[in-house]
Amino acid sequence: MMRARFPLLLLGVVFLASVSVSFGIAYWEKQNPSHNKCLRSCNSEKDSYRNQACHARCNLLKVEEEEECEEGQIPRPRPQHPERERQQHGEKEEDEGEQPRPFPFPRPRQPHQEEEHEQKEEHEWHRKEEKHGGKGSEEEQDEREHPRPHQPHQKEEEKHEWQHKQEKHQGKESEEEEEDQDEDEEQDKESQESEGSESQREPRRHKNKNPFHFNSKRFQTLFKNQYGHVRVLQRFNKRSQQLQNLRDYRILEFNSKPNTLLLPHHADADYLIVILNGTAILTLVNNDDRDSYNLQSGDALRVPAGTTYYVVNPDNDENLRMITLAIPVNKPGRFESFFLSSTQAQQSYLQGFSKNILEASYDTKFEEINKVLFGREEGQQQGEERLQESVIVEISKKQIRELSKHAKSSSRKTISSEDKPFNLRSRDPIYSNKLGKLFEITPEKNPQLRDLDVFLSVVDMNEGALFLPHFNSKAIVVLVINEGEANIELVGIKEQQQRQQQEEQPLEVRKYRAELSEQDIFVIPAGYPVVVNATSDLNFFAFGINAENNQRNFLAGSKDNVISQIPSQVQELAFPGSAKDIENLIKSQSESYFVDAQPQQKEEGNKGRKGPLSSILRAFY
C-alpha cells in the first residue's frame, strides 16, 4: 500500500518544490530587476566570451545589490554612462539591451572631501533628480551622508555664469583688474582705520569703504627712473559703481627733477594740464610750427588729442609736478602714449612700420634709418643699442637756454584764449576772507574749458579754517591735494535705504569721512553736501566735470545761504524751530565761505544750535 502511494508522494513533493522555486525566482526577479534585465541582455550575446563576461558583470551587480540591502541603504540614482550623458545633449538613444558598466556606489565622505569630489562627480550622475526636482532641500547631515547629483537648472546656471565670466575676462586686462582688486582691499583697510574712535564704536557690519577717497597708493606707475615718474590714477568706475559717470576720465601725475626733459610724444586723449609746483617749458609741435610756453604754478593748458608735445624742467633746484585730466577719445577710460623715440622702457612707434615702408617714406636705406632713429648700427644685437633709459632724461643747461629763447610766458591779463596757457590766479578770487581764498575759471569764461565742459579751481586755506558746507548743482568735482592736510566730510544717502524707498522706509544719510594729505584725490558727486576742514595750511586744485551752468549752494554763512532764502512759512513747516529761531541761527555766523573751525564757545550760541535744524546738517556733527 505504502509502495503504491510513494511515487505519488514523491511527485507531489517535486511539484511543490518546483512551485516554490518558481515563486522564489519570481520574487527574486522582482527584488532584483537590474540583475534580471542584465541576464536577459546576456542571452543576445552569441559570442561565448562576451556571454561569459556579461554574466560576470551581472553577478557583480547582484552582489552589490545584496550588500546594499544588507546595509539597509536606500537605493540611489546610478551614475550615468558616458554614452547616455551624450544622449542628454541630443544624440541618438542606445539600444536598451546594451547595458552600462556598473559603477561602485559612492561612500559617505567627510565635509572637507565633498568640495574636492564634487567636481569629479558633477558630469557623471544620472539625471534622475530632474524627475523629482520639486522636493525641498535636505539637512546638511543628510547631504554629507548621501551625496546627491547637481540639479539640471544648477548646471545651466553654472554654465551661463562660466560663459559670462569668460566673456567678461576677454574684454579686460587681467593685470589691471587684479591690481584694482588688491588696491581696493588695501584701501578698505585704510579707510576703516581712519574712521577713528567714533567708527570703532559702530558695529563692524556698518564699516564700509570710502569710495570717494583715492590716496597716493591708488596711482599706477607708467614710467619711472632717477629723473622722475609718470603715474596714472586707478579708473574711477573701478573704485565704485557710484562713480560710473567718471568712467571716461583719468588723472595723470608727472613729477620730474631739475634739468630734465620728458621726451616728445602724443596720446589718444585730450589733456588738461595744470602746473602744481615748479616751472616748466612746455612745447606743442604742429605740422608747420611749434609753440613754447614758460609755465609756473597755477598755469593751465589744454593739449588736444594727437598733439605732439614735450616738457622741460628748467629749474636748478625745484622739482616740477603737473596734474593732468585725461579724456580718452578711442576707448572709454583707456588711452595710450605714443613716443617718437626708442628707449629701454618702450619702442618708438615708428618701429612698428615695415622696413620697405620706412625706406620709401624717408627715401633712405633702412640701415641708416635704424642707426639715426633707433640707435642700432649694422651688426649690433638687440639690447646693444645706444638708447635712453626711460622717457624722462637729463638735459644740459646750455640746451635749456636754447629752448628757453622762444618760450612765451602765460598771459595773466586774459583767460579767454583758445590755445594759450592761462593762470587760475589771474583774476580776483570769487570767495575770499582772512581764512581762505577760492579762485575759479568756468567754461563760460574760457574756450578751452568750454570744449571739455570743465571748470578749474584752486583753493588756499589757513590752518584751522573751515570751507563751509555746500553742494554743487551739476558738477562732479575731483579734488587734488597739493600741499597740506585736511579732514573732509561728505554726506550722501545710504544705498540700502535707497533700495527701500518703495517700501516707504525713512531715508537715512551717510557720512563719508577722510583724512587727506599731499597727492590724495577726493571725488565730490553732484548734489552731495561737503565740508573741508584744514588741519594745516592747505592748497588744493579741483577739476569740475559737467561744469556748464553749475551752481555752488552754501548751507551756512551770512552770504549765498540757501536756507536763508527759504520763506519763513516754509521754514516753519520744514524745521522744528520757529522762523525766528532759524533766522537767529543763520545770522549768528557773521562770516561766509571760510570760517574758523573752532570758534569761541558762547553759551547763548550753544543754546541756539542744539535743536532747530533736524536735517541733513546734522550729518556734519
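Every residue gets a Cβ built from N, Cα and C, even glycine.
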The annotated region 'Necessary for sorting to protein storage vacuole' range in Swiss-Prot, which must be one of 52-61, 322-331, 532-541, 612-621: 612-621
Three-state secondary structure, which DSSP defines for Asn533 (N-linked glycosylation site): strand
Sparsest Cβ surroundings (other CB atoms within 10 Å) among the glycosylation sites Asn277, Asn533: Asn277
Integer Å distance between the CA atoms belonging to Asn277 (N-linked glycosylation site) and Asn533 (N-linked glycosylation site): 23
